[in-house]
Amino acid sequence: MGEREYDASSYVPPAEVGEMELVHPKTFIGKYIWSQDAKVIAIQYVITATSIGLVALVLSLLMRLQLGFPNSLTLIDPSSYLQYVTMHGMIMVIYLLTALFLGGFGNYLIPLMCGARDMAFPYLNMLSYWVYLVSVLLLVVGFFLPGGSTGAGWTLYPPQAINPGTPGVDGGIILMLVSLAAFIIGFTMGGLNYVVTVLQARTRGMTLMRLPLTVWGIFMATVMALLAFPALLVAALMMLLDRLLGTSFFMPGMLSMGELSSHEGGSPLLFQHLFWFFGHPEVYIVALPAFGIVSDLIATHARKNIFGYRMMVWAIIIIGALSFVVWAHHMYVSGMNPYFGFLFATTTLVIAVPTAIKVYNWVLTLWRGNIHFTVPMLFAIGFLFTFVNGGLSGLFLGNVTVDVPLSDTYFVVGHFHMVMAVAPILVIFGAIYHWYPKVTGRMLNDTLGKIHFWVTFLGTYAIYYPMHFIGLEGVPRRYYAYGETTFISDSVQALNAGITIAAFIVAIAQVLFLFNLVWSYFRGRESGPNPWQANTLEWQTPHTPPRHGNFGEELPAVYRWPYDYSVPGAKHDFIPQNVPPEEVEYEESSKSGGRA
Amino acid sequence: MAMAIALIVLALGSVVFFFLSPWYLTPLASNWGAIDHTITISFWVTGVVYLAITFFLAVALIRYRYKRHRRSLYEPENKKLEVWLTVLTSLGIAALLAPGLFVWGSFVTVPDDAHEVEVVGQQWHWSFRFPGEDGELGPVRASLISDDNPYGIDPDDPRGQDDILVRSPRLMLPIDRPVKMTLRSKDVIHNFKVPPFRAKMDAIPGQTSYFWLTPTKTGEFEAVCAELCGIGHFAMRGRVEVVDQQTFDEWLAGKPTFGELAAREPGDPEAGAEHFARCVACHGPQGGGKQETNAPRLAGLDAEYLKRQLRNFRIGARGTNEADRFGQQMRPFATSLQDEDVIADLIAYLETLPVESTRPTIAGDVERGKRLYRTCASCHGPEGQGMPAFNAPRLAGMNDWYLVRQLQHFREGVRGRHPEDWYGNQMVDMTQILVDEAALRDVVAYIGSLSEAPAVADAGRQSAEE
């Protein structure tokens, strides 16, 4: 046992599970299309999610155009505006963020960071991607149906969602629900894989408390997703039955286009409970991987161990568990029994404690570090700042009384974009700059990266910060136009125009990023196997990019936790996880320190 | 370094923005000052934390920026510090939560002396109901809703007979009296929101919900819908006027009870025919409209719409704008029609008139018009047949020159801006999608093509037979 190191040991237990046999395809199609290699599947996820995400980005620009410069495009009418609102939200939350973090980063990093050859069930993993692709394609088809995609809002609240008169009620909503069901089925295949891999396929010596926080974040998010998505699945199926067979799960007796509808006795609130039982954990399904990844980015680029590792792991677990008992804070003014407010406000604010601890620990990790302002680090700091902002505004909305005037206003739009859109996206960018060298063997261009960071970071702040204030004034969200009101000041229009301009500038910066991705693939500086001098196993592979099977002839054995940065006396400021204590090189002066 | 400066500038800028921003809570007009206090407390607590974390972060970035020979401190854990931070955070959270829960306690507890008003949401307008003398609202069922019973009140239940119905989206409330707002929806989910009152709640079909408040300021306040309810969501407006008790009582006394509404005699078309004599000169013998006199067709319009427009002309909500020359001509005729029974007779007669198709005078791009009409269809119906439930009159077969002029008037706010012209207000918002003159003509040209559709011709024949 080392004295200087926090968690290092020469003893490595024997392998519990035998080596897995991998299918090594010979053809191009087998290698890159019908691939069972988690790394290729990860890239497939990333490309698909990014492509559909770009569609959602364009939709948001169209919305901003209408809000900033009303009626400048005849293409945007009230129905199409609501369709943009719906599809933008749905795509960004589920088809982009969830797929990117779990399907993309999960697939690439879990086997590598755990020291596994591949996912536990490679074939199922491949199937997971293809079902995901089908769900995305179904979504895309929806755009081209007569009547277009659904315009029910991304929350798809009934009765609206399936009521005649709502945009896309003929086909769009059906495809949306089927696509969601497909997504969930595909995700379940992948999710079971991630969980089993983390629990069963870790290499020798990789105890749970030696896992990098990235894996912890993705693992916990996957467990949560496996528990939360079924609620959405049943809600989607029940709504499909209501829409197609005329059942009345969510549909009460009501008027529909001025006529009495054939439904009777259903509960619209039931859907909201099911939706948010999924929907709130979903926030953390996106946030926890971001938490994990940002921890690793900060530790690596500040050359410092993560502060309070055990606390960080427990915080992830506690946040994951608590997030299942806060869902109705989305429903304070939904008309549910208002006495629920007491319980849900309390649980919601309690969850702020472990979340705050994570923030402290990130900041304390930077304190007395040696901070390299690399592009990944810039994005990590950008995340910290944005997340603090979004987290604090969450304390307004989670606190039931405060929520009453603010719900359904631009305060909410500002809050959730900060906390669950911009913050995770900044981490995704940081992670891409960080791991791109491992995936391609080349560095991304630094200058382009810095421009990308500054425009995105400052731009998103300019977009979302002022929104909170017009929300305070009471400006409602999901409005196609504001018309004449007595309570909205005229200056709101000027602000909206400014926000729109900022949004377009930020969008242009993303084009720069895409260009960087492509350009660096061919022209980027060669990175070598471990350009950031990081400790985790993915940087210790014999080949860069890692080949199928990840670690060559022999799997690495793990002797220490992943955060041995700047260990006192050690010659280098990092000691990879697979370096046994006796092989650590020490400075001459400290050799007398006494080693086991 | 740049990053640290950026953080400091952003943090300070955010604080400055907070103080200088012209956008903040609207002036309070209810008893819910406590809600504003919880917001203020939240700003203080979170503001301090925000500045503390950001500055600490900035200092860390400056002090511990990369130096060649610097070595990070190796400190995996610091139990004492972690416990301290946890305790402090928990205290901060408690400081936020306690007042929040305390105020919520009063939010969910309606005072015993509160009077009640029911808010009914419907795509895309509001209506209201007061309980009447027995102090109790009669039970309602969606399946009972009809043109004669717009609230779906159970006619056999005595509690419903004295319920006072306010069918316009304009509500009066007495000042300084707690009021319980019971919410209900006839179709999708809505949310009745008056920003200066702070309190709001969703109105859901199939059940009721509630909130309460005490208005503390007289004046007129705008009500909006705060829950996405379809494409007219943004134009679903209403007004709440807070007045003294006496004005309120007088206003309420002028509103019909459900019993009175049900007992009202249907109009007599034969008597109506005589009253119609004064309309013929301009609107034509069959009420078919005449371009020479700039008078639109009346046949085929639904009773509620006709009543509403006559009222608008009478009270000056329409036809008072100088740019609306022909509307001004209509005013004296409407003012001469004061008697409810006369109006009912007149409308009964109009309903017997045949709906004949009109001659097109406007040319436009029908295809583009069809696309634009998608929005109109949600209220006026896909065939332009009009939907009384949405307060939307029939468009198919209406004289196209009249439609063009009215659309222009709406778009420019010549018609529909008056606060009493509730649904005209919506049209002002809606016509903004007709960005230019061509768009306007295109949509009218498309509406013109609708009257040729067989379905409409059938409808016309039917009403002719009646």
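Every residue number used here counts from 1 along the chain in the order it is shown.
Any Cβ shown, glycine's included, is placed from N, Cα and C.
Features as listed in TrEMBL:
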type     : residues  : note
DOMAIN   : A:28-559  : domain 'Cytochrome oxidase subunit I profile'
REGION   : A:576-596 : region 'Disordered'
TRANSMEM : A:40-65   : transmembrane segment
TRANSMEM : A:85-110  : transmembrane segment
TRANSMEM : A:122-145 : transmembrane segment
TRANSMEM : A:173-199 : transmembrane segment
TRANSMEM : A:211-241 : transmembrane segment
TRANSMEM : A:274-299 : transmembrane segment
TRANSMEM : A:311-333 : transmembrane segment
TRANSMEM : A:339-363 : transmembrane segment
TRANSMEM : A:375-396 : transmembrane segment
TRANSMEM : A:416-436 : transmembrane segment
TRANSMEM : A:448-467 : transmembrane segment
TRANSMEM : A:497-519 : transmembrane segment
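Proximity of distant same-chain residues to the transmembrane segment (A:173-199), defined by a Cβ-Cβ separation under 8 Å and at least 6 residues beyond the stretch ends, is recorded for 90, 94-95, 98-99, 102-103, 106-107, 110-111, 114, 116, 119-121, 124-125, 127-132, 134-136, 138-139, 141-142, 145, 149-150, 152, 156, 161-162, 166, 211, 215, 218-219, 222-223, 225-226, 229-230, 232-233, 236-237, 239-240, 243-244. Per-stretch counts of Cβ pairs under 8 Å to the transmembrane segment (A:448-467) identify A:497-519 as the leading one among A:85-110, A:211-241, A:274-299, A:497-519. Non-local neighbours of the transmembrane segment (A:497-519) in the same chain are 57, 60-61, 64-65, 67-69, 429, 432, 436, 444-445, 448-449, 451-452, 455-456, 459-460, 462-463, 466-467; each lies 6+ residues outside the stretch with a CB under 8 Å from one of its CB atoms.
For the transmembrane segment (A:274-299), the most Cβ-contacting stretch among A:40-65, A:339-363, A:416-436 is A:416-436 (pairs under 8 Å). Proximity of the transmembrane segment (A:416-436) to the transmembrane segment (A:85-110) is established through 3 or more Cβ-Cβ distances under 8 Å for residue pairs spaced 6 or more apart.
Mean pLDDT of the predicted structure over the domain 'Cytochrome oxidase subunit I profile' (A:28-559): 95. For the transmembrane segment (A:311-333), the list of distant contacts is 209, 213, 216-217, 220-221, 223-224, 227-228, 269, 272-273, 276-277, 279-281, 283-284, 288, 291-292, 295, 340-341, 343-345, 347-348, 350-351, 354-355, 357-358, 361, 397-398, 400, 403-404, 407-408: same-chain residues at least six beyond its ends, Cβ to Cβ under 8 Å. Counting only same-chain residues 6+ beyond the ends of the transmembrane segment (A:85-110), those with a CB under 8 A from a CB of the stretch are 38-39, 41-43, 45-46, 48-50, 52-53, 55-56, 59-60, 63, 116, 119, 125, 128-129, 132, 135-136, 139, 142-143, 149-156, 168, 176, 180, 183, 187, 190-191, 194, 197-198, 214-215, 218-219, 221-222, 225, 282, 285-286, 289-290, 293, 420-421, 424-425, 428, 431, 435, 439, 478, 538.
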